[in-house]
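Student: Annotations for this protein, taken from TrEMBL, read as follows:
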type	residues	note
ACT_SITE	Asp109	active site
ACT_SITE	Asp305	active site
COMPBIAS	447-461	compositional bias 'Pro residues'
DOMAIN	91-429	domain 'Peptidase A1'
REGION	447-479	region 'Disordered'
SIGNAL	1-25	signal peptide
TRANSMEM	606-629	transmembrane segment
Amino acid sequence: MAWPLVNLTVSFFFLIFLLFQSCLSISLPLLLPPPHPRARPAMVLPLFPSPKNTSTTFPDSSHRLLRSDSNSSHPYARMRLYDNLLSRGYYSTRLWIGTPPQRFALIVDTGSTVTYVPCAMCEKCGTHQDPKFQPELSGTYQPVKCNLDCNCDKDRDQCIYERQYAEMSVTSGILAEDVISFGNLSELSPQRIVFGCETEETGELYRQHADGIIGLGRGDLSIVDQLVEKGVISDSFSLCYGGMDVGGGAMVLGGISAPSDMIFSYSDPVRSPYYNIDLKEMHVAGKKLDLDPSVFDRKFGTVLDSGTTFAYFPEAVFEAFKDTIMKELNSLKQISGAVPSYNDTCFSGISSDVSQLSKTFPTIELVFENQQKLLLTPENYLFRHSKVQGAYCLGIFQNGMDPTTLLGGIIVRNTLVTYDRKDSKIGFWKTNCSELWERLHVTSAPSPSPSPFPSPSPSPSPSSSSGKENSTFEMPPISAPKESPIYALIGEIEIGEISLDLALNVNHSYLKPRLVMLLEFMAKELGVNGSQVHLLNFTSEGNISFIKWSIVPSGSATYISNTTAINIISRLAEHRVMLPDDFGNYQLVQWEVKPPSKQTWWQRQYLVVLLGIMMFIIAGLIASGIWLWSRRRQAQIPYQPVDGAAREHELQPLQS
């Protein structure tokens, strides 16, 4: 009879286990497959081959703060660079257009002149990072009327533009003028600039993640030329691309003080519409390539272009370079590239540590006419193999039948490049470009809440008053929007929940069965546990899906630290979370931090009270069980007096 009591006791212990399991969060790591390798994007550059894509680090030789040019009274616009060559094949920056401002991510391209963004009336534009520009919502928008200095539409009403790129991508649209802002980290106030309001795009332009291009080349439509013409900046700008493992960087429109050890090359402004340098020699591992110096001076010469990913050499230069470098690397195992259609030269069996690449790969020197040398480390001509760990490929290719020497972004990784157009020279200074940005805005503060994104509420109709229908005067520039949303939290507060509203340009029916996968991916990218992520709401409008979700403290913590919260919010707001292509592009619509909910005495102590009650019940049941068991034993063995009569036993008859 003891078994029922044992079963009852076990049942109560199991009940306690279930109680604790429901009250405590159990943290389990998320095991997700890595994102599918991205195909190398083709970049756009007029008259030049389309590149593919790429990504290293070297010691930073100086930590001096850069300053605006002491010889100039002009301000400058300093802007952050995003993305990297490996994931996108380009670097982009942020611009705001219109009043109120609409934000865009634009590829930084010194080989293009026109700055353009997709416009709302564009029916042949792809899906990009941000919503299309809506002219009717800007109180300062004005189309450029047809005149003698531009190409006009068939009705001879508006100026139009069209650009065709080497890989046959095309962008076309109308020219318009509006207020363009560079961010609150910029000394330069917002300016009225002519830009392209795109109505059609094809090829790689249609498929790219960025919204458009910011044209930094030479020409009347160049944003640099327009700002210089207005007299608001000096005739110079600088770019600094991040390294193989970091990305990011900085851009400055206007003059800055050149570091004392910056090396320069003459750049002939009338040689071509592109930025060229006076290259005379190349050395590989200290050995001069046996080449006629004129080989670097054919057609457009040696062109430096930020919109191209890799470097492209004329046939003679490429063959000499490849032969020399292959002799230096003859001990390495050569393997095929990640994409069979590309004839990549790749090597395996190498340390994945970028800082160790110089022990295996030689350095390269570019020698200019003045005998100054630009040293290229392995990160300036290699990119990681996307499918083989510890394998790298050459980021230098033959430029087909074109005799131009084209140096893309890979060549100037972790190099501050100053395009001094006033003095017709280009300067190079090796530095850590990711840290350079921090030094450029060391005294700046982050910005407020995230920029707008299409929300479930209907957009204003074109007929609503925008302030421009009856406006014949130029509105004063608005205050520049913040460079990035404000993530600063007032004081050191305890955060019990981060609420996040995310918009994705993915169909509702497609995304719904993949929500769990999306949130698991987000958790992994943000460095939190899957049990901390909770879906709150899921709605849609057209092809835009809206997800409201939250992040709560882990099971072992009572709150989320301010540092962790700021990191999570900033990574989402600045698009540093890279989603698989299946989920399209995203925008952080809004966010909110909430304090831990106040608990009553009962909420804080209920586990202790429940445990005490359960232990009291179990102790009582055990005591009662023992008492019942002893009583039953006494009932089974009755008391008999010594002199009592013995009970007669019934005898069974014997069978005969």
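Including glycine, each Cβ sits where the backbone N, Cα and C put it.
Whatever TrEMBL says is automated annotation, not expert-curated.
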Student: Please report the Cα separation of Asp109 (active site) and Asp305 (active site) in Å, rounded to an integer.
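Tutor: Spelling it out, the Cα of Asp109 (active site) and the Cα of Asp305 (active site) are 7 Å apart.
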Student: Counting every protein chain present, what is the number of Cβ atoms, excluding its own, within 10 Å of the Cβ of Asp109 (active site)?
Tutor: 27
Student: Would you mind checking how many other C-beta atoms are within 10 angstroms of the C-beta on Asp305 (active site)?
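Tutor: I count 26 other Cβ atoms within 10 Å of it.
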